[in-house]
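Features as listed in Swiss-Prot:
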{"type": "DOMAIN", "residues": "531-741", "note": "domain 'STAS'"}
{"type": "CARBOHYD", "residues": "Asn174", "note": "N-linked glycosylation site"}
{"type": "MOD_RES", "residues": "Ser751", "note": "phosphoserine"}
{"type": "REGION", "residues": "585-608", "note": "region 'Disordered'"}
{"type": "TOPO_DOM", "residues": "1-117", "note": "topological domain 'Cytoplasmic'"}
{"type": "TOPO_DOM", "residues": "139-187", "note": "topological domain 'Extracellular'"}
{"type": "TOPO_DOM", "residues": "209-263", "note": "topological domain 'Cytoplasmic'"}
{"type": "TOPO_DOM", "residues": "285-292", "note": "topological domain 'Extracellular'"}
{"type": "TOPO_DOM", "residues": "314-340", "note": "topological domain 'Cytoplasmic'"}
{"type": "TOPO_DOM", "residues": "362-380", "note": "topological domain 'Extracellular'"}
{"type": "TOPO_DOM", "residues": "402-417", "note": "topological domain 'Cytoplasmic'"}
{"type": "TOPO_DOM", "residues": "439-485", "note": "topological domain 'Extracellular'"}
{"type": "TOPO_DOM", "residues": "507-758", "note": "topological domain 'Cytoplasmic'"}
{"type": "TRANSMEM", "residues": "118-138", "note": "transmembrane segment"}
{"type": "TRANSMEM", "residues": "188-208", "note": "transmembrane segment"}
{"type": "TRANSMEM", "residues": "264-284", "note": "transmembrane segment"}
{"type": "TRANSMEM", "residues": "293-313", "note": "transmembrane segment"}
{"type": "TRANSMEM", "residues": "341-361", "note": "transmembrane segment"}
{"type": "TRANSMEM", "residues": "381-401", "note": "transmembrane segment"}
{"type": "TRANSMEM", "residues": "418-438", "note": "transmembrane segment"}
{"type": "TRANSMEM", "residues": "486-506", "note": "transmembrane segment"}
Amino acid sequence: MGLPDGSDQGTHQTQALLSAAQEMELQRRDYHVERPLLNQEQLEDLGHWGPAAKTHQWRTWFRCSRARAHSLLLQHVPVLGWLPRYPVREWLLGDLLSGLSVAIMQLPQGLAYALLAGLPPMFGLYSSFYPVFIYFLFGTSRHISVGTFAVMSVMVGSVTESLTADKAFVQGLNATADDARVQVAYTLSFLVGLFQVGLGLVHFGFVVTYLSEPLVRSYTTAASVQVLVSQLKYVFGIKLSSHSGPLSVIYTVLEVCAQLPETVPGTVVTAIVAGVALVLVKLLNEKLHRRLPLPIPGELLTLIGATGISYGVKLNDRFKVDVVGNITTGLIPPVAPKTELFATLVGNAFAIAVVGFAIAISLGKIFALRHGYRVDSNQELVALGLSNLIGGFFQCFPVSCSMSRSLVQESTGGNTQVAGAVSSLFILLIIVKLGELFRDLPKAVLAAVIIVNLKGMMKQFSDICSLWKANRVDLLIWLVTFVATILLNLDIGLAVSIVFSLLLVVVRMQLPHYSVLGQVPDTDIYRDVAEYSGAKEVPGVKVFRSSATLYFANAELYSDSLKEKCGVDVDRLITQKKKRIKKQEMKLKRMKKAKKSQKQDASSKISSVSVNVNTNLEDVKSNDVEGSEAKVHQGEELQDVVSSNQEDAKAPTMTSLKSLGLPQPGFHSLILDLSTLSFVDTVCIKSLKNIFRDFREIEVEVYIAACYSPVVAQLEAGHFFDESITKQHVFASVHDAVTFALSHRKSVPKSPVLATKL
């Protein structure tokens, strides 16, 4: 037995030594790359670059064929694709149990959220039936539970309360206040569905990407606070005035505080008992969720128990506890939306449409990622829109999906929207036969159901701490969205938060991180010298990079930051150079003027000398020596004038910084790393051309590196390249540009071998 143990120990030691040797080998492993130095022209030739072939997608869209029609049908009615292939044995039992569990939650939430929307409870059941069945036909998510949702209900409630508070508005509809609220709600649902279907058909599902996660979470948190405030009147049993618009939450809280002496004790006790019972059941479900096949239906049991106690004890008569009252049974015929309300509701409808879709698609993507399938955002928009659009004809109010019900649908074995269809059929049974049994249900119990279900959204206050550590800008978005939604109401708050979020995007694009790059030793990698102490600037070469793309909003800032990082006051140096050149030119002009005057004097002297042909021989002879001396002297003066003119013509213009007595930059080449550019506009092109011009004025050659082909094509289309700036100034990488700048300063680009040791 000892021998095998020793051999095993030796084997383990050998394996450990081998793994250590392999690790050291990996750490020492180098590779050697040898390739030509490539500028853009050479790269295009080597890679056979050419514009991508244009695909006429519109031809495919408008092509008529049986296959195309079948594909469109399956795309827009997904149930026809997956239902024929539904694995009954594997999934049906789970979907049935899941649908029953969701329906048990859907019933109390539908009744409660109808009150939240300012409507009779029965309309909450309608909104839990029609839209759910429509989504079963057109939706692509297998797990989300469509129906009433607190945030949507409070948004609808704010609209119904604000409009019906005006007596003239109610009289204009020729209806009671309750009927007017119903008309506003189902007309609003029709408009919301119209917006969602229209946006989905034109593939505007990407719009929701502009609603960041901090914005959506903050908005739903603020909405949950408004939900909580709106339920205080049912908890305390007090009558409140209708407040709408900015600061309505503040006014409501102040009025609740003023009305506290009129609290109905029986209502408060009922709400507290129901709330405690719901919390205990939820805690029990969380603790025993692994042992229980289905969660305990705490909400349904609470509603049944509260209804029985209220009926037996006569809470309404003896303790003045408000109850739901008469609930009509049976389905109601469809009605047309009130077209005269369209202009009044269009703004609120668009806000509700965006929020509802944002919540639905975010939950849908979470479950799709968890279970490995794909959710089509555009089809989801159409499906949710049809749910609201058709629901509007059957007097439903706008719906979305609920996180709590969706989690129950997933955790209880739901695999497809068959679970949703089962839950809608169960709700149909309640509507047709059992709805009237809940007429003695206390409204305080429904308020307790709503408040307890806000637990998940109230937990989102913890985002403040996590965002403080992770990203202060996202925290700012969260806080601004929350405050704006609380103070300005849901519709204006959403608009303010979206505008603020987009404004922050613009500001962050205008304030990118600018850096000077240095080479990491023995590599072709270049990093920010301020962050990497081992990265060293290449002598004579300055490499500059921005963390954001360059466009009209930050082009000037890019140019200013470049000059600042280079440590050279380019504008001042150019101004001084121009002044020195102008001064030199003025000096040359003065010299030319002086020489010109000398020339004129000499010419006058030459022209004054003449020979009189009539002089006698004796005069000529006597003046021969004298005349020859004068001619020699005059010839010398003429030669001086000619030579001075030639010197003026050949005098060089001294324009270099050194000859002008100006300081020279500490580098001879500037490389712009444009790897972060995703597009360019005309302002960007003009800014880059100005950079080339200005730095060449101070004797610094400029190169571009790591520019993607689409951006190069845009530069070419914008007439960036000309005789002075060619594609030979654009290089495949920063290292190519650095190598060229060091070895080919102010020369025609060639193709030396670039050897890089890594």
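Just so you know, glycine gets a Cβ as well, placed from its N, Cα and C.
Keep in mind the model is a prediction, meaning the values are calculated, not measured.
The stretch from 118-138, 188-208, 264-284, 381-401, 486-506 that makes the most Cβ contacts under 8 Å with the transmembrane segment (341-361) is 188-208.
Under 8 Å from some Cβ of the topological domain 'Extracellular' (362-380) lie the Cβ atoms of residues 75-76, 78, 138-144, 200-201, 203-206, 208, 213, 216, 401, 403, 406, 410, all in the same chain and six or more residues away from its ends. As a whole-number mean, the pLDDT of the topological domain 'Cytoplasmic' (402-417) in this prediction is 88.
Of the candidate ranges 118-138, 293-313, 381-401, 418-438, 293-313 contributes the most Cβ pairs within a distance under 8 Å of the transmembrane segment (264-284). As a summary of secondary structure, the topological domain 'Cytoplasmic' (402-417) carries 9 helix, 1 strand, 6 coil according to DSSP. For the transmembrane segment (118-138), the neighbouring stretch richest in Cβ pairs under 8 Å, chosen from 293-313, 381-401, 418-438, is 381-401. Residue density at Asn174 (N-linked glycosylation site): 8 other Cβ atoms are found within 10 A of its Cβ, drawing on all protein chains shown. Tertiary proximity for the topological domain 'Cytoplasmic' (402-417) is limited to same-chain residues at least six positions away from its ends with a CB under 8 Å from its CB atoms, namely 79, 82, 86, 91, 93-95, 97-99, 101-102, 105-106, 109, 135-136, 139, 141-145, 147-150, 289, 294-295, 363, 367, 453, 456.
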